[in-house]
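Database features, via Swiss-Prot:
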| type | residues | note |
| --- | --- | --- |
| BINDING | ASP21, PHE22, ASN23, ARG37, HIS60, LEU61, GLY62, ARG63, ARG125, ARG158 | substrate binding site |
| BINDING | LYS209, GLU332, GLY359, GLY360, ASP361, SER362 | ATP binding site |
Amino acid sequence: MSKLSIKDLQLSNKRVFMRVDFNVPLDENGRVTDDTRIRETLPTIEYALRHGAKLILCSHLGRPKGKPNPKMSLKPVAERLRVMLDHAISPGQNVGFSPDCIGMQAQEMAKQLEKGQALLLENVRFHAEEEKNDPAFAKELASLCELYVNDAFGSAHRAHASTEGITHYVEKSAAGLLMQKELDYLGKATSNPAKPFVAILGGAKVSDKIGVIQNLMAKVDAIIIGGGMAYTFLKAQGQEIGKSLFEADKLDLAKQILADAHKRGLKFLLPVDHVTADKFDMHATPHQIGEGQSIPAEQMALDIGPKTVALFSEEIAKARTIVWNGPMGVFEFDNFAKGTRAIAKAVAGNSGATSIVGGGDSVAAVHDAGVADKITHISTGGGASLEFLEGKKLPGVEALTNK
């Protein structure tokens, strides 16, 4: 990686500002209900503390719209982190909590930090200046520290004060261990993948994935399309899709993508059979529409059928690199989640491939199917990984110091 890593920094006795992603769900009593995001960045936090950093942690939580909201306070996160570090590093590892991310109290608490101690700042989005990337606000954040580390890949596609602006006012900015892992895996997949390279794209809308499809077409050997977006392509081929979701304004583009794939000799796989229902409802009765059959006018496709699962799985089994983003059906309805779960198992079953899974539903599916430990890399950033796969530059990465 051409950017500085935390391992390139002399951390001992330095005040280090680390942007992390602690955007975790809280229950109505303010307790953390899923600490996955905290766990994922623990190796970076532990590395910094073991190397004598005076660590200042910064994150957002939820969308407080630029003003303080006690329901989105990071205080419960500080308490959870305290417990986790107790187990990981040493009993009594204190994590301070500053009730604001700027101002006199934050300054004072940062100055009082000793080697190997951590301070968590209150939700950075309690200030509207964060999302506006306000230079004065970024400068105030930077005044707390000497070095900057970004371990929040999930926010790397945002040019905010704590992800981009701050880097203009610190001596050095480096990637954390989690950020580096993301960039290494996604970078290799897009620049030097082991072949055959198969991309699996799902989700509701073609419009969300156009950039990814167009960028990956030049790199992959096969593209597999599932989910609602597949029906825009099937409609573009002249197939009867009943009441299935499709984007009328994207039909011409879908035709163009299909023609381009054909011209490149690229495999472009679409569903050949379907699981449908008469309404978009979790309790709707599933119907099987076999290969070669049209979807009836009153039915809508909500999942891929067994023939499609077999077709897609056969292609996945040949791959040496797999990137998967987006579900194959309405994954949140149990009756229409089978296709997505089957694809999760197919991806996990190819032990000879490097597999990268991103996006909420795809990640949920690999956990749900009990195969998360068989996936090479589960990406922590849905939007950021998509923009990376589109070939876009991520502001939070570009801002880091070059090696």
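Heads up, the Cβ atoms here are built off N, Cα and C, so glycines get one too.
Comparing Cα positions, ARG125 (substrate binding site) lies closest to GLY360 out of the binding-site residues LYS209, GLU332, GLY360, ASP361.
Comparing Cβ neighbour counts within 10 Å across the binding-site residues ASP21, GLU332, the minimum falls on GLU332. Summarising the substrate site geometry, the residues cited as binding it (ASP21, PHE22, ASN23, ARG37, HIS60, LEU61, GLY62, ARG63, ARG125, ARG158) extend over a maximum Cα to Cα distance of 18 Å. Just so you know, of the binding-site residues ASN23, SER362, the Cβ with the fewest other Cβ atoms around it within 10 Å is the one at ASN23. Separating the Cα atoms of GLY360 (ATP binding site) and ASN23 (substrate binding site) is a whole-number distance of 14 Å. When the Cα of HIS60 (substrate binding site) is compared against those of the binding-site residues LYS209, GLU332, GLY359, ASP361, the shortest separation belongs to GLY359. A Cα-Cα distance of 15 Å separates ASN23 (substrate binding site) from GLY359 (ATP binding site). With ASP21 (substrate binding site) as the anchor, the candidate binding-site residues are LYS209, GLU332, GLY359, ASP361, SER362, and the one with the nearest CA is GLY359.
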